[in-house]
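Working notes for the structure below.
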Amino acid sequence: MAEKRNIFLIGPMGAGKSTIGREIADRLHLEFFDSDQEIERRTGADIAWVFDLEGEEGFRKREETVIEDLSEKHGIVLATGGGSVISTNVRNHLSARGIVVYLETTIDKQVARTQRDRRRPLLQTSEEPRTVLENLAVERNPLYEDIADIIVQTDDQSAKVVAHKIIERLDF
């Protein structure tokens, strides 16, 4: 794994990918990117607006392009969007270009961490957030597990502790 200088964080919304990613990048002196923030930077609009205007399909196309571009860099930590793994291309790019770390969390923790966040379009529906998260987990968790080089549980641990556990397992 030594040749894999990139670290890609995958997992569901509310797992802590952005917070933990920044912590890892700081400790390892790597550049940090968040795919959602990069989409917002490139479009000049927030994710909710992109979803409203282009729908999920349009958003996923943008996400795939951003992840393809960023994963070509060297020496980065990238926090990906929770649904990015739906794309076969994204899964292939991440697997081939870095160490993939799956941040695992329970539905209970996801609900607690996302309940006040109005910037998550998939939770802004008439469905109960818990139901949405459960359905997404059924679809996405096998995809996360399939491409993960490292799996770390994030429940009841600080970002610093999780980052430390990940760094200990990296072959850098």
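From the backbone N, Cα and C atoms, a Cβ is placed for every residue, glycine too.
The ATP binding site annotation in Swiss-Prot covers Gly14, Ala15, Gly16, Lys17, Ser18, Thr19, Arg120, Gln157, and the record cites sequence analysis as its basis. The DSSP secondary structure for Gly14 (ATP binding site) is coil. Residue density at Gly14 (ATP binding site): 23 other Cβ atoms are found within 10 A of its Cβ, drawing on all protein chains shown.
For Ser18 (ATP binding site), the Cβ neighbour count at a 10 Å cut-off comes to 18, with all displayed protein chains included. The Mg(2+) binding site annotation in Swiss-Prot covers Ser18.
Swiss-Prot lists Asp36, Arg60, Gly82, Arg140 with the feature substrate binding site. Under the DSSP three-state reduction, Arg140 (substrate binding site) is assigned to helix. For Arg140 (substrate binding site), other Cβ atoms within 10 Å of its Cβ number 18.
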Excluding Asp36, Arg60, Gly82, Arg140 themselves, the substrate site's Cβ centre has within 8 Å the residues Met13, Glu63, Thr80, Gly81, Gly83, Ser84, Val85, Ile86
Could you check which of the binding-site residues Asp36, Arg60, Gly82 is the closest Cα neighbour of Gly16 (ATP binding site)? Gly82
List of residues, in chain order, with Cβ under 8 A from that of Thr19 (ATP binding site) and at least 6 apart: Ala159
If you count the other CB atoms within 10 A of the CB of Ala15 (ATP binding site), including all protein chains displayed, you should get 27
Taking the Cβ of each of the binding-site residues and counting other Cβ atoms inside 10 Å, which one has the highest number: Lys17, Arg60? Lys17
Report the nearest neighbour of Ala15 (ATP binding site) in space among the binding-site residues Asp36, Arg60, Gly82, comparing Cα positions. Gly82
